[in-house]
Amino acid sequence: MIEKTYQPADIEARISRAWEDAEAFKAGRPERRDAVPYSIVIPPPNVTGSLHMGHALNNTLQDILCRFERMRGRDVLWQPGTDHAGIATQMVVERQLMERQEPSRRDMGRAKFLERVWQWKAESGGVIVNQLKRLGASCDWSRERFTMDEGLSRAVAKVFVELHRQGLIYKDKRLVNWDPKLLTAISDLEVQQIEVKGNLWHLRYPIEGKTFDPADPSSFIVVATTRPETMLGDSAVAVNPEDERYTHLVGKHVILPLVGRRIPIVADEYSDPEKGSGAVKITPAHDFNDFEVGKRHHLPQINVLDIEGKISVADNSAYLEGLPEGAREFAGEIDGTDRFVARKIIVARLDDFGFLEKIEPNVHMVPHGDRSGVVIEPFLTDQWYVDAKTLAQPAIAAVRSGETTFVPKNWEKTYFEWMENIQPWCISRQLWWGHQIPAWYGPDGKVFVAETEEEAVGNALGYYVEQEVITPAQAHDMAEDPAKREGFITRDEDVLDTWFSSALWPFSTLGWPDETPELDRYYPTNVLVTGFDIIFFWVARMMMMGLHFMDDVPFPTVYIHALVRDEKGAKMSKSKGNVIDPLNLIDEYGADALRFTLAAMAAQGRDIKLATSRVEGYRNFATKLWNACRFAEMNGCVAPAGFDYTAAKETLNRWIAHETVRAVREVTEAIESYRFNDAAEAAYRFVWNVYCDWYLELAKPVLMGEEGAAKTETRAMVAWARDEILKILHPFMPFITEELWAVTAPRDGLLALAPWSRKGGISDEEVSVLAASAATDPMAGPAMLAIPEPQEPDFTDDAAEAEIGWVVDLVTAIRSVRAEMNIVPSTLTPLVLAGASADTNARASRWSDVIKRLARVGEISFADAAPQGAVQLLVRGEVAALPLKGVVDFAAEQARLEKELGKAEADIKRAEAKLANEKFVANAAEEVVEEEREKREAAVARKVKILEALLRLKNAS
């Protein structure tokens with residue numbers, strides 16, 4: 001029996017246990033051994049993480065797909081797991097050590113510290129997994145993976161070694177994003193651009209051979225910088241080759257102020273003649289653009305900072321090279337000072353000597369570490385790199401050929417732009433937590449790359465014996481006793497970028513490099529669901545690695561979902577205080593309400609503006625479903641075994657069968673094409689409007705009437721349609737539907753494993769494709785041979801739809817006019833059907849009691865034409881008239897509507913004035929501009945509705 005009130009908290013934990021006990025989500029269930037496989041890999045959340053709204057959206061959409069395909073009979077693997085999250089995890093544990101006043105990471109040493117990290121992971125690393133379960137994620141939790149599991153670590157080592165052997169991994173000195181607090185290189189994704197009110201310092205660089213005079217512009221070139229401290233590392237001044245002001249100076253030199261270094265004036269298109277003086281200082285070791293200019297002109301790379309962001313020039317051979325003796329004194333003065341302290345010293349000294357032309361206030365974006373919060377430095381250092389350009393070519397070709405497609409398609413352009421301009425990928429990090437790079441160094445710096453230490457040591461010792469650096473006896477002793485080779489062979493201390501192991505996720509989680517049955521069955525996966533912000537960092541790299549090591553794309557479809565913003569459209573952030581916690585929403589409204597909200601708002605390419613009122617609204621929808629099922633139960637609605645909905649005799653029941661089949665088709669096609677919002681809308685509209693508001697309402701007289709064939713059939717149809725509803729809603733609202741499935745009738749099993757509504761199995765098109773593959777591919781596995789029967793044609797009953805649809809449309813139109821004209825419910829209005837066809841007359845007679853009750857209509861009459869003073873409604877091509885003379889004061893109603901029209905027009909004018917203001921559009925926050933657009937659209941819609949009402953009044957009077 002169904003409880004009187006719907007309380008999600010009472011059912012969610014119980015339903016979760018039922019799924020777990022039945023191993024409902026386990027891939028490779030015995031009864032699905034021959035089913036068509038369907039697989040998705042979860043974007044692994046950080047092991048340090050907790051569920052945020054982005055996770056909630058991403059995993060809700062994946063779960064909709066997995067539950068949908070599982071109900072269609074497929075063998076579904078939704079592969080779960082977590083990422084070791086190098087920096088984040090190391091910081092969490094270091095913070096814990098500090099809070100507990102324990103020895104620091106460095107005092108503890110690497111081995112002991114890593115033990116503590118693993119201990120923390122065991123104690124606290126499963127938080128987000130449990131939160132995903134609360135959301136209802138139907139992953140195969142028995143297969144949960146971690147990016148530092150033994151098997152995945154072996155895959156990482158093998159990939160590194162293979163790519164190194166192929167010349168696609170190498171060591172190089174290049175610029176990286178350097179975090180002076182965490183003392184490591186970080187990825188672009190870990191860099192946050194923050195708007196800062198700073199300055200632009202305009203500096204005078206004296207031209208060699210001329211006497212410097214601040215009053216004589218011909219004696220110097222002006223350059224501008226936001227980072228004056230980096231001038232210590234300048235190695236050129238660049239001007240545009242087309243800039244006639246400087247043509248005569250190209251090839252000459254300037255003398256770097258304070259430093260005394262002689263640096264060339266080079267011609268390069270990087271310099272923009274329209275910006276500032278048109279000349280720019282070039283610091284190859286401290287600016288990414290300057291680094292490229294430096295390569296083009298073979299300029300020296302002079303690093304003037306140490307790893308902590310302090311000036312390092314006193315013993316810096318690159319800095320000191322070629323400097324006059326007198327200039328070295330300044331190096332001693334400034335050496336060891338913090339970069340921002342040095343900035344003040346340098347600016348003051350430049351001003352003292354007349355080298356500072358002006359200081360200009362300047363608001364600009366400054367890169368900060370998203371975890372450390374400090375300003376990031378472009379820093380020249382030795383790191384390990386992947387030749388991403390070579391690996392990118394097959395990945396570009398796969399998307400160009402359509403082997404992998406993006407949904408929405410416009411994201412392919414973003415993918416191509418990045419891939420076609422891809423830079424070497426820095427994969428080393430100066431951390432302790434992560435996959436330690438499998439490279440060992442000999443005493444002369446020679447590198448030995450191998451999957452295991454044993455192999456690397458063997459290779460190294462063999463090499464040095466051959467080179468006669470050590471004897472065979474020494475080599476034997478070193479091989480046997482690690483202590484004897486200490487200092488002779490040392491391992492690279494760096495670890496790999498977290499994204500390196502994540503790039504292998506689609507195949508490493510399936511057992512690669514071993515040739516496992518799971519790898520053969522579930523790779524490639526069917527779709528990747530992810531956010532646009534990691535197209536470069538994760539999607540592109542999985543494409544590269546999948547094609548290189550598996551010789552196949554990791555997924556044929558990439559679905560890119562949008563951002564979840566606050567209700568005004570602003571990006572959620574802790575600093576703004578507008579972060580909405582999904583767990584709080586689950587506690588208050590239930591997981592199903594949150595899931596349905598996210599799905600209903602997940603229109604392709606459009607960010608979600610999340611308001612708690614929407615979640616509350618869908619909680620009400622869940623309550624509506626609950627109450628509809630209680631109504632069916634209280635009226636004894638049960639579908640007997642073998643019930644055939646297509647054999648229904650009653651027009652109303654044939655209509656609901658027609659509408660149910662249509663709703664199933666709409667939901668199915670929308671999910672298949674990743675139109676989650678359309679699928680949710682179709683389900684919502686059918687359940688609330690068609691089934692609850694109309695079918696159950698129209699069926700009440702039968703259900704409450706005398707026993708007979710009509711009542712028996714209606715009870716069965718109410719139950720059948722209810723079950724179809726539970727099926728199409730299950731991917732969106734799994735908890736409530738599973739509960740109602742269990743309590744509404746005796747069942748053979750869980751709804752999660754029940755067959756999908758009518759269109760069971762897979763699409764007709766897919767059936768034909770699989771059949772063709774099975775017929776032509778001798779290697780086709782059992783899954784390929786499990787071809788479902790072709791689908792039967794959709795059930796339709798156009799006559800039933802025409803009849804009941806007319807009743808619904810007529811009542812809806814009358815209700816709309818009554819509301820529009822403020823007619824009180826107690827006032828019954830007459831209805832005249834003007835020039836009605838014989839079919840319409842017959843329908844009106846059959847359904848007169850229903851029309852009168854639901855539309856608050858008194859007498860229903862028929863006439864050749866609409867009477868004077870009647871509001872005319874067009875219902876399915878025929879006129880229905882409401883004689884309202886004496887019921888409505890037409891003049892007063894017209895005055896009211898005209899007043900409303902004036903307000904709507906004023907709102908339109910106000911919004912359009914703002915949107916026409918270029919300064920407003922350019923400077924206001926994106927969400928504020930979008931809000932004005934929405935105000936305009938709402939006012940325009942209101943105006944159209946009022947004009948329609950005025951036209952009706954005019955025609956009536």
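Just so you know, the numbers here start at 1 and follow the chain as drawn.
Using N, Cα and C of the backbone, Cβ positions are placed for all residues, glycine too.
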For Swiss-Prot, the entry motif ''HIGH' region' belongs, out of 45-55, 507-517, 705-715, to 45-55
Ranges in play 407-466, 827-886, 887-946, with Swiss-Prot marking coiled coil at 887-946
Per DSSP, the motif ''HIGH' region' (45-55) contains 3 helix, 1 strand, 7 coil
So K574 (ATP binding site), by the Cβ count within 10 Å over all chains shown, scores 7
Tertiary contacts of the motif ''HIGH' region' (45-55), defined by C-beta under 8 angstroms and 6+ residue spacing from its ends, are 82-85, 88-89, 92, 121, 125, 127-128, 131-132, 134-135, 146, 531, 563-564, 572, 579-583, 610
On the coiled coil (887-946), the mean of the pLDDT values is 84
